[in-house]
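Down below is the structure, laid out as structure tokens.
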Amino acid sequence: MASSSESARAASDVHGAPAYGSTEELARADGIDLVVVTVKTPRHRELVLPALAAGKPVFCEWPLAVDLGEAEEMAHAALGISTFVGLQGRSSPTFRWLADLVADGHLGDVLSVTVSAATSEWGTPVDPGKLYTLDRDLGATMMSIALGHAIDSVSMVVGELQDVVATTATRHPNVALARSGQHVPMTAEDQIAISGNLPGGAVLSAHQRGGVVSGVGFSMTIDGSEGTLQVTAPDHPHIAPVTVHAARSGGRRVELTVPDGYDRFPRLARSPIHTLTHAYAGIRDQLLGGRAGVPDFRDAVIRHRLMDAIRRSAATGRRVQP
């Protein structure tokens, strides 16, 4: 099934797969092991709910929903059904290893976490097909996509924010429409700064910037009582290759490499599909009865609650609990 009957038939001709006229028809069909929803965020709900009603396992890309209410509705409808959400950073070999390093006490007690992330999107020329990402009410903004993916990977390593204080701004209220000479309005935030407390009392601060002309990428510094980890990527960390450096108390800074046992697809290590391949492999394993490890709709609700808390804090100037 695609966004139109014409594109569905075209895809069917290319890939030799059956075409369906509706989600209900697809969900009722025999031989469907997993319904995969990878369309624009505002259409997720209308496609996910019929598949869940038919009892089919569902993978939906992130963001799961336009807002927290929709996410909670879909998570409730999914009770007893296998679901998966496209927060593939959790399937990253590097971030899974980092989570183990922190949990095993490699840094001692975590004292602070500092995150800086930047993207050229949400401020530089936008293609017509992505205009909807400029509208803060349509759920596919820099906050939900860029910050959502980044902070989810960070949270897997150091834990969930217990509270949040946020400042946001839209510094590019008008954005160029690619190859047209025209400008279109943007209401989505392109500057998001947050801070809050982690379990155990450590302080996390993060700044997500949009529309930057240079310096795109991601960095995270975890300071502990016995050492520091510095994590960098040249782009979004759930897509780009990630580099890790460490320094123990009184020691020099050295680069660390992911040990054996984490990376199932080393030949894809510098590919943008590296983490996504691990995510789909994890989905396959779970559907075949293997160990759970891919985030589901309940995890998506947790992330949507944080995004909602960030918006409420920015609007009120108050500390908010997700």
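Just so you know, glycine gets a Cβ as well, placed from its N, Cα and C.
Unlike curated entries, TrEMBL annotations are predicted automatically.
Per TrEMBL, the feature domain 'Gfo/Idh/MocA-like oxidoreductase N-terminal' maps to 3-78. In the predicted model, residues of the domain 'Gfo/Idh/MocA-like oxidoreductase N-terminal' (3-78) average a pLDDT of 91.
Annotated domain 'Gal80p-like C-terminal' per TrEMBL: 95-232, in sequence order.
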Secondary structure content of the domain 'Gfo/Idh/MocA-like oxidoreductase N-terminal' (3-78), with strand meaning DSSP E or B:
40 helix, 7 strand, 29 coil
Helix, strand and coil residues within the domain 'Gal80p-like C-terminal' (95-232) as assigned by DSSP:
35 helix, 53 strand, 50 coil
